[in-house]
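According to TrEMBL:
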type	residues	note
DOMAIN	47-119	domain 'Polysaccharide export protein N-terminal'
DOMAIN	130-208	domain 'SLBB'
Amino acid sequence: MRFDLAPIRMGRILGLLLASLSVVVGLAACGTTNNYPPAPRAAETVGHRYKIGPLDTLNIVVWRNPELSANVTVRPDGRISTPLVDDVLAAGKNPADLAREIEQLLARVIRDPVVTVVVSTFQGAFGEQIRIVGEATRPQSVPFRQNMTILDVMIQAGGLTDFADGNGAVLVRGAEGGKQYSVRLKDLLKRGDISANVDVRPGDIVIVPQSWF
């Protein structure tokens, strides 16, 4: 018997988001102080393989068969269609595994197909995204990329608002069961203190509280 684990994963992520909102409220009430340990400078992401998500754009190349190659956008249901290959589930797979699956399907109609899949526009599966909430200029979700840092994330979020308590920010690490770390975003973004830059991991949530001073 096979169980669909997607609802379970989604429930865990939504639970982290709800917990994060309560952290925002708590930090706002407490001002600039939090008692969380500092986030580690390096985050272990060795071996991480990007998982395709809905709305990603894929460049699919079939060697020596340009008429079968295509640029496709993953539909909201996670599936794609390409010439001679109809309705394949792409979401949740890494590009190499999807390429092998397309090769197997094409092998029914052409000899020895060789397929490459490259993600040209990233959106990312839900669990691959980094979320920025609170007093960022543009709170949003951004797709994780290898060697991504919190500086990269905050640049995409447009930095801090004038009301942000940047040094009171918290990083919630989903990969560690929601463990919370302090991050010094004001020092990093306003003062150029590169020692405050830290790596991020898929599923991280960055919470920027409001300053009361």
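Every residue, even glycine, has its Cβ placed from backbone N, Cα and C.
Any TrEMBL annotation is an automated prediction that lacks curation.
Note that the coordinates shown come from a computational prediction; the quantities given were computed from them, not determined experimentally.
Break the domain 'SLBB' (130-208) down by DSSP state and the numbers are 22 helix, 28 strand, 29 coil. When DSSP labels each residue, the domain 'Polysaccharide export protein N-terminal' (47-119) comes out as 15 helix, 24 strand, 34 coil, counted as helix, strand and coil in that order.
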